[in-house]
Amino acid sequence: MLQSLAGSSCVRLVEQHRSAWCFALLVLGYLLYLVFGAVVFSSVELPYEDLLRQELGKLKQRFLEEHACLSEQQLEQFLMRVLEASNYGVSVLSNASGNWNWDFTSSLFFASTVLSTTGYGHTVPLSDGGKAFCIIYSVIGIPFTLLFLTAVVQRIIVYVTRRPVLYFHIRWGFSKQVVAIIHAMVLGFVTVSCFFLIPAAIFSVLEDDWNFLESFYFCFISLSTIGLGDYVPGEGYNQKFRELYKIGITCYLLMGLIAMLVVLETFCELHELKKFRKLFYVKKDKEEDQVHIMEHDQLSFSSISDQAASMKDDQKANEPFVNSQSPTSNDSSLNN
């Protein structure tokens, strides 16, 4: 008896705080996912880092042995300066001296990466004025970009997602939820093909040092706005039509970002995902719901009364002769 009562009370307690328990599990799962990623990255990349450090150490020692007139301190000062310039996108190599990072097309590409929050980091402002302008430009431009993308996606999704789903649901009588799931899968496949697989194949041909995996990696890192900056197209010293190539990449990034947002919005509108997201949301209090309903009823009642008053005014305006003749007819009846 006591065990059954305790069990029922625990069930009621869990049901009453279901959203809080789900949120706690969500936070725990996210933290475990972060730890899992750190463990995998560390175990996979740490050996390669160690090999690279050993290789660089051997090259440095060999260079010092071949050039005895050069001290280790002087070499390290030179390397620090070269690495600092490389972090700003400036290379000392002779085959890369013809590429400018701040011509118009490169600046346009940089502005697009800033506004889309991709931020490859391969090119950064050098002067204090450029850094100050970048702050002001980003503060205004990033919300402006979000507004622009939201407006574009809101219009595209009507023709790409909602109308096709309603067409198959109404015209052919299929279940709306099933049609929405199949449509989301097809749209996701088309987006992956048009903005990941095909561009990756193109980049692997245009970029001499990239294979298909590295090109696909660049497409994903760019369109997900991660922007690590380890792979940036159009930076080769022998790149043909570099200006036109940079403009094409800028258009690709903008169109790909819009396509990604359309796909994400399409999946977010699925009924199953909506139910899943509600598990982690805070439920509204009944009092707030009642206040919302009362306000809605008051607004609807006032709108109905306003509509009725306007309809009466329109009827009076449309019947001027009836109103004007009624007093005279009453006076004549009284005289008779």
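Positions of Cβ are set from backbone N, Cα and C atoms, glycine also.
These figures come from a predicted structure and were not determined experimentally.
Pulled from TrEMBL:
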type     : residues : note
COMPBIAS : 321-336  : compositional bias 'Polar residues'
DOMAIN   : 94-156   : domain 'Potassium channel'
DOMAIN   : 192-268  : domain 'Potassium channel'
CARBOHYD : ASN95    : N-linked glycosylation site
REGION   : 306-336  : region 'Disordered'
TRANSMEM : 21-44    : transmembrane segment
TRANSMEM : 135-157  : transmembrane segment
TRANSMEM : 178-203  : transmembrane segment
TRANSMEM : 215-232  : transmembrane segment
TRANSMEM : 244-264  : transmembrane segment
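Contact between the transmembrane segment (135-157) and the transmembrane segment (215-232) does not hold: fewer than three of their C-beta pairs are under 8 Å, each pair 6 or more apart in sequence. Within its own chain, the transmembrane segment (178-203) is flanked in space by residues 160-161, 164-165, 168-169, 210, 212, 215-216, 218-220, 223, 233, 252, 255-256, 259-260, 262-263, 266-267, 269-272, which lie at least six positions past its ends and keep a Cβ under 8 Å from the stretch. Summarised by DSSP class, the composition of the domain 'Potassium channel' (94-156) is 44 helix, 0 strand, 19 coil.
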